[in-house]
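Record features (TrEMBL):
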- 87-301: domain 'ABC transmembrane type-1' (DOMAIN)
- 1-26: region 'Disordered' (REGION)
- 35-60: transmembrane segment (TRANSMEM)
- 72-89: transmembrane segment (TRANSMEM)
- 95-114: transmembrane segment (TRANSMEM)
- 135-157: transmembrane segment (TRANSMEM)
- 177-199: transmembrane segment (TRANSMEM)
- 220-241: transmembrane segment (TRANSMEM)
- 247-268: transmembrane segment (TRANSMEM)
- 280-302: transmembrane segment (TRANSMEM)
Amino acid sequence: MRSAASGPAGGGFSPNGPSRVTDHSPPAPRRRLNLAWLGILPFAAFVALFLIAPTMKIVIGAFQRVDGSFTFENIAGLFTPSILASYWISIKISVASAALGALIGFLMAAAMVLGGLPRFIRAPLLTFSGVASNFAGVPLAFAFLATLGPLGLVTMWLRTEFGINLRALGFNILSFWGLTITYIFFQIPLMILIITPALDGLKREWREAAQSLGASARQYWMSVALPILAPSILGTFALLFANAFGAVATAIALTGSSLNIVPIMLFAQIRGDVLGNPHLGYAMAFGMILVTALANVLYIWLRIRSERWLK
């Protein structure tokens, strides 16, 4: 007796031979171009035109003579006493402004996040920090000259109302500390913006656990909070250093030629006068790129280490 499964309808063999299996699966859809990538094209073009292309021109020009031939003379010129002195002064100004900006900014952020300040202060402070951290260049230099310059508002007010002569006390806005104070104006807001998420990452359970073990507030900060925040603080300090070291427009607009720092020396080489050497200026700019790049790499590395506590 033949089984029903042995017929053609059962998928067996027909009298005319084996049956063919027809594939009725839908065709694979075509891969379409993801148009979302088109959104980054303006940004990519902006970066290529105003960051990558100028950087490549600086790097190539640092190793060229005027006739376009290859040379190390420009790099060797960086080790002359005057240029080394300008780099050293720029580094000291950057370290001083980064240290003061990091300290004051950390205290303000800690008071906002962990202190007893009202919650409605946080949004205006962060908004102001976002604006002030980008307020640099000629407007900032003019603002400080109009405030703390020889005939500035604060300078004249202290002299007429209290008899305090800032110049007699040794303060000069066109000096080392004058430029440092100017840089602090945009260093403090940048510190607040970057360190606030790290302070938000401090969990209340950590403090409660430390207190349950008998730790004081000082012991909690020294043994728990600061070790956790150390990568964020050091990384932000490195970023503030790079931010100050690369501030060219503010230094030129504020001090002119009264302070021997790298931006002033660089401007003197590339402005095109008879004594200038544009390719030596490229080499000085290349040195600034290396210093700021090293500081930014340190910041990124420390930032990655600190993010594990924010998860």
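Placement of Cβ uses the backbone N, Cα and C atoms for every residue, glycine included.
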Between 35-60, 177-199, 220-241, 247-268, who has the most Cβ pairs under 8 Å to the transmembrane segment (280-302)?
220-241
Contact set, same chain, for the transmembrane segment (135-157): CB under 8 Å, 6 or more residues outside the stretch:
166-167, 171, 173, 178, 181-182, 185-186, 247, 249-250, 253-254
Sort out for me which stretch, of 35-60, 72-89, 220-241, has the most Cβ pairs below 8 angstroms to the transmembrane segment (95-114).
220-241
Interface check, the transmembrane segment (247-268) with the transmembrane segment (72-89), three or more C-beta pairs under 8 A:
yes
